[in-house]
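Asker: Heads up, here are the entries from TrEMBL:
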ACT_SITE  D243  active site, proton donor/acceptor
BINDING   E59, N193, D243  divalent metal cation binding site
BINDING   R143, N145, D163  substrate binding site
DOMAIN    57-302  domain 'SMP-30/Gluconolactonase/LRE-like region'
Amino acid sequence: MSTVVTVTSHSIYRRKETLQSWKLFARTATREEKRIKFKKVMSSIKVECVIKEQNEVGESPVWEEKDSTLLYVDIMGKRVSRWNSLTNQIDSIATEKLVGSVVPRQAGGYVIAEGTRFAFVDWVKRSVTPVANVDDREKPNTRFNDGKVDPAGRLFAGTMGLDMKPDVTDGALYTLLPDHSVVQHFDQVHLSNGLDWSLDHRIFYYIDSLAFMVEAFDYDIQTGGLSNRRMVYNMEKDEGIPDGMCIDTEGKLWVACYNAGRVLRIDPQTGKRLQTVKLPAEKTTSCCFGGKDYSDLYVTSAYAGMDADSLAKHPEAGCTFKVSGLGVKGIPPFSYTG
């Protein structure tokens, strides 16, 4: 059964039960008890605009537990930002090129995928240092888009054509290895986007946005190799374009839907949509879990390409939202080990 929840920025309600107690309830409760419980959880969901600074294309949110900050990029704005949830302050560093994604680095600072290169960001020195590029493997007029670190500390990131035409497949998927070398996994990609790994690290989930589906690969954690590509979810007509993605502690995927103002919760084992959470921004771009115990879902959005009428109807376009009361939790992000 799929549920649709429309929520607004009013009356904070935090669900205090632990994930363990929810699983116990799911195993022992009757069907009627589950129905009543599910209805209460749905009514507790709240969406709040927490970062009011608007991004042309906000993307790549990552929660930093140590400082209670949210890391993210504005692709078209060419900047990497950190929002402090305790002080509500935003600190940003400009990038030279269009920046598709940012991830934490184990040695300190961050790694970004900008233009057609990877670079290290030293937040203290306010510097950006190129590490590796893929110019020799890319077609003209492409750039990096979404990226994420795998459980072994490798950085996966994909590219896309700048014109974003449905019939153009100039993108590819790459890995920046800890020794700073780059591996290309495959090409013929329309618009490389969301990615994550199953909880047992045996499956890699991937989105090529203009293919309008979520795919899966068998994953070799030892080598970083991919095999056995298949579809796990086919987008429905009203669900827009699949964009960024993350996974929760129950192994379910959360997919931000561009041009549809929503995030879907998907069961990759059954291919079923379990839940829909709507947001007051049509161009929802990506999502990650964060906050205390990783129980909040942060969702980025965009305003690029919107005309005056659309912006008037969606004044929070480009803002970043926090969804609380979902009753599920996420996992901490992995850091690049190079």
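Cβ atoms here come from the backbone N, Cα and C positions, even for glycine.
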Asker: Which is it, of N145, N193: the one of these binding-site residues whose Cβ has the most other Cβ atoms within 10 Å?
Answerer: N193
Asker: Around E59 (divalent metal cation binding site), how many other C-beta atoms are within 10 angstroms of its C-beta?
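Answerer: Other Cβ atoms within 10 Å of E59 (divalent metal cation binding site): 26.
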Asker: Output, ordered by sequence, the same-chain residues six or more apart from R143 (substrate binding site) with a CB under 8 Å from its CB, or 'none'.
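Answerer: Residues satisfying the criterion: K97, L98, G100, E114, G115, T116, T159, M160, L162.
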Asker: Give me the Cα-Cα distance between the residue listed as 'active site, proton donor/acceptor' and N193 (divalent metal cation binding site), rounded to a whole Å.
Answerer: 6
Asker: Compute the centroid of the Cβ atoms of R143, N145, D163, then list the same-chain residues not in that set whose Cβ lies within 8 Å of it, in sequence order, for the substrate site.
Answerer: L98, G100, N141, T142, F144, T159, M160, G161, L162, M164, G171, L191
Asker: CB neighbours of D243 (active site, proton donor/acceptor) within 10 A?
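Answerer: A count of 28.
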Asker: Ten-angstrom check, please: count other Cβ atoms within 10 Å of the Cβ of D163 (substrate binding site), all chains counted.
Answerer: 9
Asker: Please report the distance from the Cα of N145 (substrate binding site) to the Cα of N193 (divalent metal cation binding site), rounded to the nearest angstrom.
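Answerer: Cα of N145 (substrate binding site) to Cα of N193 (divalent metal cation binding site) measures 6 Å after rounding.
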Asker: List the other residues in this chain whose Cβ sits within 8 Å of the Cβ centroid of the divalent metal cation site residues E59, N193, D243, in sequence order.
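Answerer: Apart from E59, N193, D243, the close residues are S60, N145, D146, G194, I207, S209, G244, A256, Y258, T285, S286.
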Asker: Could you tell me the C-alpha distance between D163 (substrate binding site) and N193 (divalent metal cation binding site) in angstrom, no decimals?
Answerer: 15
Asker: Within the domain 'SMP-30/Gluconolactonase/LRE-like region' (57-302), what mean pLDDT does the predicted structure show?
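Answerer: Its mean pLDDT is 97.
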